[in-house]
């Protein structure tokens, strides 16, 4: 029986996605523990001379700091026409390659970079797979301070429970934009796309953690190795 650890599986998925990186690419650098493996592997290939003229677009201030420490040249969305490939993690993935993201609080920038990308490779271990979004993970929402309790009440009126995300010291968690995060336990979602549209239309919600139709590739590391799933596989897979 294969007993590879979660961290080993994260690294396996990251390595499979990093194999897509080519010289001259603009690379979206995701945020989170799994994406950090990919960033380190990209830096290693860069310093080995395998990747020339690449530049990274970080999805969070934490990612930017790591990339600078590793010597990866950086740019911004304002300075590039498009991102060739983004490699990022996810908190939950359904068989349609729809995602819940935002566990690290970087959902707004992550979504902006993903939307600007020609290809989005999501890297996860098999614990992130779910038959329906919301089954395993709360849905993060970035909200403004003004009226956040009213926003929370509106969410709970739709069903489920809402918690304001706190730091370890008990103070409210703040995003890179200075906003708050509400974590909404809304249960399995029958129609994530419809909910995404509803949340996008609600004033006070800056961004939600539903990523619909953005992932082009999924690399899942499990006991039997890494499985590569693409959008062409949707409708033929289940987990």
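For all residues, glycine too, the Cβ spot is worked out from N, Cα and C.
Over in Swiss-Prot, the protein carries these features:
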type	residues	note
BINDING	31, 32, 33, 34, 88, 89, 90, 91, 101, 102, 103, 104, 128	substrate binding site
ACT_SITE	110	active site, proton acceptor
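Within the group of binding-site residues (101, 128), the Cβ with the highest number of other Cβ atoms inside 10 Å belongs to 101. Taking every pair among 31, 32, 33, 34, 88, 89, 90, 91, 101, 102, 103, 104, 128, the residues listed as contacting substrate, the largest Cα to Cα separation comes to 16 Å. According to its DSSP assignment, residue 88 (substrate binding site) is in a strand. DSSP gives residue 110 (active site, proton acceptor) a helix state.
Around residue 33 (substrate binding site), the same-chain residues at least 6 positions away in sequence with a Cβ under 8 Å from its Cβ are 10, 89.
Highlighted in sequence order, 30, 35, 110 have their Cβ within 8 Å of the centre of the Cβ atoms of 31, 32, 33, 34, 88, 89, 90, 91, 101, 102, 103, 104, 128, the residues recorded for substrate, and are not part of that set. Taking only the Cα positions, the spacing between residue 31 (substrate binding site) and the residue listed as 'active site, proton acceptor' is 8 angstrom. Annotation note: residue 128 (substrate binding site) sits in a helical segment as assigned by DSSP. For residue 103 (substrate binding site) paired with the residue listed as 'active site, proton acceptor', the C-alpha to C-alpha distance reads 11 Å.
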